[in-house]
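Listed features, source TrEMBL:
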type: TRANSMEM; residues: 27-42; note: transmembrane segment
type: REGION; residues: 96-127; note: region 'Disordered'
type: DOMAIN; residues: 134-369; note: domain 'Sulfotransferase'
type: ACT_SITE; residues: LYS143; note: active site, for sulfotransferase activity
type: BINDING; residues: LYS143, GLY144, GLY145, THR146, ARG147, ARG224, SER232, LYS349, GLY350, ARG351, THR352, HIS353; note: 3'-phosphoadenylyl sulfate binding site
type: DISULFID; residues: CYS332-CYS344; note: disulfide bond
Amino acid sequence: MGQRLICCLDAPSALQPPPLLPVRRKLLLLCIMLFLWLYMFYSCAGSCASVPGLAGRPAAAAGAGEAAATAGAHGEGLQVLSKLLRRAPSGGAKGLAGSAAAFPSEPREEQSAAPDPTSPISSFFNGSGTKKLPQAIIIGVKKGGTRALLEFLRVHPDIRAVGAEPHFFDRNYEQGFAWYRDLMPRTLDGQITMEKTPSYFVTKEAPARISAMSRGTKLIVVVRDPVTRAISDYTQTLSKKPDIPTFESLTFKNRTTGLIDTSWSAIQIGIYAKHLENWLLYFPIGQILFVSGERLISDPAGELGRVQDFLGLKRIITDKHFYFNKTKGFPCLKKAEGSSKPHCLGKTKGRTHPNIDREVVQRLREFYRPFNMKFYQMTGHDFGWD
């Protein structure tokens with residue numbers, strides 16, 4: 001009995017549990033590895049923001065956000081991550097979107113109270129950038145080619161545009177800038193937010209309202225032969241209301257005397273010089289780019305080059321992006337935004353115009369000629385409509 005007791009006392013390992021594994025060390029090592037992975041991902045995200053097809057992918061960024069949230073449960077690890085992120089490059093904005101002084105993203109009356117939504121850490125944890133007020137707007141004109149221009153521009157990786165027309169500065173201004181901003185797509189550093197609403201150009205209040213948002217906003221106007229534009233406008237209305245009067249009867253107040261009815265919107269929109277005078281009260285002529293609707297069809301890459309230069313962007317959209325669709329009679333994209341398939345505008349674009357009396361067309365050309373000449377002088381560009 002005594003020998004058994006002594007034997008047991010001599011063998012302590014039989015009674016004591018094995019030593020504990022260094023669990024804390026392993027957890028700390030795991031956290032550090034996770035934080036280093038996040039740091040590498042964040043640094044990579046900044047350099048990939050301008051690559052076509054990579055910018056603005058919410059799924060991948062959201063996954064990184066969830067991982068960061070999980071890591072945030074470890075107090076000591078969070079401090080390490082914070083230090084690493086502060087050292088990470090911010091991927092500075094370039095061109096138009098990079099100049100905060102020239103293109104503030106907030107209306108002046110709201111800037112002092114608004115938090116900074118564009119910091120690198122905020123954008124990273126947000127997952128897909130931030131919503132900003134537009135830095136460039138296509139303000140006109142109706143039936144000039146604004147939809148085609150917007151669709152072409154959306155191919156550029158540094159342009160993010162809302163698809164539907166917001167009509168903020170003409171119909172929904174009372175909704176406020178927060179409502180307007182919420183309509184915009186999310187953008188990353190270096191990307192430009194855009195929208196297009198063609199009726200702004202002929203809205204009296206629009207210039208002052210856009211100037212109140214930001215005096216640095218860049219404006220784009222797509223103009224077209226006013227006679228052809230008026231017929232196209234009528235054609236669109238006719239497709240919706242087949243029982244409307246003829247183009248000829250709507251054009252004149254008195255056909256016998258040849259007096260043109262300038263109250264008809266199809267005619268009134270084409271008096272470009274009159275509308276431009278209102279815009280020049282708030283914006284310098286150099287801040288407005290006039291795009292030729294005719295050249296947008298005959299030389300889309302050339303006109304898109306001018307637009308990209310105007311916006312301070314690299315010329316990425318070139319001839320290789322277009323092919324001419326003989327059925328529709330205008331250029332189409334070989335690859336649309338977010339797609340590998342060819343894309344043309346819908347069936348509502350490129351409608352066949354009705355035959356209009358030649359005398360009426362000639363009278364309209366005579367009516368528009370002095371306004372066109374003044375418009376050429378104001379813009380410094382002869383569009384060749386006469």
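Heads up, the Cβ atoms here are built off N, Cα and C, so glycines get one too.
Structural mapping of features recorded in TrEMBL.
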residue	record	Cβ neighbours (10 Å)
LYS143	active site, for sulfotransferase activity	23
GLY145	3'-phosphoadenylyl sulfate binding site	28
ARG147	3'-phosphoadenylyl sulfate binding site	19
SER232	3'-phosphoadenylyl sulfate binding site	22
CYS332	disulfide bond	20
CYS344	disulfide bond	18
THR352	3'-phosphoadenylyl sulfate binding site	7
Candidates LYS143, CYS332, CYS344 (recorded positions) - the one closest to THR352 (3'-phosphoadenylyl sulfate binding site) by CA: LYS143
SER232 (3'-phosphoadenylyl sulfate binding site) versus LYS143 (active site, for sulfotransferase activity) - Cα distance in angstrom: 7
Rounded distance in angstrom between the Cα atoms of ARG147 (3'-phosphoadenylyl sulfate binding site) and CYS332 (disulfide bond): 12
GLY145 (3'-phosphoadenylyl sulfate binding site) and CYS344 (disulfide bond), Cα-Cα, nearest whole angstrom: 13
Rounded Cα separation (Å) that holds between CYS332 (disulfide bond) and GLY145 (3'-phosphoadenylyl sulfate binding site): 13
